[in-house]
Amino acid sequence: MNCAISGEVPVEPVVSKKSGLLYEKRLIETHISDFGKCPVTGEPHTIDDIVAIKTGKIVKPKPLHTASIPGLLGTFQTEWDCLMLSNFSLEQQLHTARQELSHALYQHDAACRVIARLKKERDEARQLLAETDRQLPAATDRQLPAAPEVATENATLSNGKRAADGGEQGPDAKKMRLGVSGEVITELTDCNAALSQQRKKRQIPPTLASVDALEKFTQLSSHPLHKTSKPGIFSMDILHSKDVIATGGMDTTAVLFDRQSGQILSTLTGHSKKVTSIKFVGDTDLVLTASSDKTVRIWGSSEGGNYACKHTLKDHTAEVRAVTVHATNKYFVSASLDSTWCFYDMSSGLCLAQVTDDSEKVDYTAAAFHPDGLILGTGTAQSIVKIWDVKSQANVAKFGGHTGEITSVSFSENGYFLATSALDGVRLWDLRKLKNFRTFDFPNANSVEFDHSGSYLGIAASDIRVFQTASVKAEWNPVKTLPDLSGTGRATCVKFGPDAKYVAVGSMDRNLRIFGLPSNDSTEDSAQDS
C-alpha cells in the first residue's frame, strides 16, 4: 500500500481514524501541524486522530533501470569506479605516510650520528685536556729551570723574534713554546752518533731485489681503498716489519692495508679535508696524518684492531702538507703553508718549537728528516729547498734551481744524497758540497723516494721511473719504467717495499697498485739465490 500524499510505500505507516487513509508518518504530521485537516478529505484532524501501524521491515523496490541487464552492468560499473577511486586515495595516503616515516627515520639517524660525533669530540677534548694538565706542569718544571738559555733562544727562533712576557701579542702572534730542552738535544745527538757508527758498517743486504728482478716488475694487484666519489691517493708509507701499507686520500680518510692478506686493517676517519701526508712511527702502533684541514692527528691502535685518534694538533693556521718522524720515534715535524714548521713531542703531542724564517717568507710543502736525525730538509712553494739544524732550528743551507712548487724531498740512506721533486722534474744534491750534481727532466714530478738501502730511486710523475743509484760522477742508470695504469696520467706517490721486492704506487684514482715479480719469476729468482 502507498502513502495517500507521496504515492510511495511508507517507511513509518500510519492510518487516519476518521478517513481510514494510509500516510507516511512524518508527512501527515507535518501537514496536520501546518493546516489542521486531512489533506485528502479536508476534515479537521489532530495528531491524536492518526494511529501507527506495526509492520515488518519494508524493502523498497529496486529502481526500474536495475530490472534489465544493461542497467545492472551500469550499476556495477558505477560501484567499481567508486571502489577504484577509494583504493587510489588509500594508496596515495599510504605513500605519503611512508615518505613522512622515511623522513622522520632519516632525521632520527642524522641526529644520532651528530650526537655520537659530538660525544666523541667531547671525550677527545677531555682526554687531551687531562693529558695536557698532567704533562705541562711536569715539562715546565723539568725543562725551563734546567736550561733557561736554550729555551729562551729556541722560543726566539720559534717566533722569528723574541716573544714578550705576555705570551701572545695580537691575533697573528705565535704561541709561546717550551723550546727544545738540553735533555732533548742530548737525546738527538746520541741518536745521531749511534746511527752514524752503524752507517759506516752498512752493507747492502743480500736479500735486496736485483736489477734483473726489477726489470721484470709488472703489476701484481690493484686495490680500491678509497671512495669513488673523491678519488685520489696523495700520500703513502710502508711499515716494512709487518708489510702494512698506509695511504692518505682525497676522501679525507687514511687506510691501513695488509699487503699479504689483501685486507684493509683499519680506516682512519676524522679529518674534514684531504689527507696530504701519512707516516708510521717506527715499529710502534702509532700513525701520523696531516691534512688540508690545518690539523695533524696522532693515531694509535685500540680494541678490535681499529685505530683511534689520540691527539689532534691545531698549531698551524693553514694547510699542513707534510709530517716526518725522527729516528728516535719520540719526536716528529710538521710542515705547513702558514710559513712554519713545528717540532713535536710524540707522547704528549705538545709543540716544543714552531719555526719560521724571518729572512724570507716561504710556504712549506714537503719535509723529511736526514737518516741521522740532526738535519731537516724542507721544500717550499717558492721553489726553494731549505736545510735546517734540528738542535738550533737554524737554516744552515738552501738550494735553488727548481721551477714550481717542491712536491717531495727524500734523503738517501748513505747520508750524502738528497733528492727533490718539483713541477720541472727531479734534482739530486750532494750534501757534502751543497750542490746539484744531476737533474732528471720529468715534468710534474709529484714524488721522489730512495729505497731503504739507498740502492734505488723511484720517481712518480706521468709514469713511474726506477733508477739504480750511483756516485756523484757515475751515471744513474734507468732500471724500469712502470706505466700509470690509473688512466689519470698522474702518479702521486711511490714507495719501495721491504728489500725492494715490490713497488707500491698511488695515483689520482682510488686504487693502490702493487708492482713486482710475477709468481713464476719470483720462484726462479728465489731458487737461484739459494
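For all residues, glycine too, the Cβ spot is worked out from N, Cα and C.
What TrEMBL records for 1-70 is domain 'U-box'. Note: the domain 'U-box' (1-70) comprises 20 helix, 12 strand, 38 coil (DSSP; helix = H, G, I, strand = E, B).
According to TrEMBL, the feature region 'Disordered' maps to 131-174.
As annotated by TrEMBL, repeat 'WD' applies to 268-299 (among others). Below 8 angstroms of C-beta separation, residues 230, 232, 234-239, 241-242, 244, 246-256, 307-325, 329, 332, 334, 336, 338, 344, 346, 349 of the same chain, each at least six residues beyond the ends of the repeat 'WD' (268-299), sit close to that stretch.
Sequence-remote contacts of a segment are chain residues at least 6 beyond its ends whose Cβ falls under 8 Å from one of its Cβ atoms, and for the repeat 'WD' (313-354) they are 128, 131-132, 135-136, 139, 154-155, 157-159, 174-175, 177-181, 184, 187-188, 191, 195, 273, 276-282, 284, 286, 288-298, 361-369, 371-373, 376, 378, 381, 388, 390, 393. The annotation repeat 'WD' is assigned in TrEMBL to 313-354 (among others).
Annotated repeat 'WD' per TrEMBL: 365-398 (among others), in sequence order. Here the repeat 'WD' (365-398) has long-range neighbours at 153-154, 157-158, 180, 185, 188-189, 191-192, 195-196, 199, 321-328, 333-335, 337, 341, 343, 353, 355, 357, 359, 404-411, 413, 415, 418, 420, 422, 429, 431, 434, meaning same-chain residues at least 6 beyond its ends whose C-beta is under 8 angstroms from one of its own.
Residues of the same chain lying 6 or more positions beyond the ends of the repeat 'WD' (399-439) and with a Cβ under 8 Å from any Cβ of it are 196, 199, 202, 365-372, 375, 377-381, 383-387, 445-450, 452-454, 457, 459, 469, 472, 476. Annotated repeat 'WD' per TrEMBL: 399-439 (among others), in sequence order.
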Query = Mind checking how the repeat 'WD' (399-439) divides into helix, strand and coil residues in DSSP?
reply = 0 helix, 24 strand, 17 coil
Ask   = What is the average pLDDT across the repeat 'WD' (399-439)?
value = 93
Note = The correct DSSP tally for the repeat 'WD' (313-354) reads 0 helix, 22 strand, 20 coil
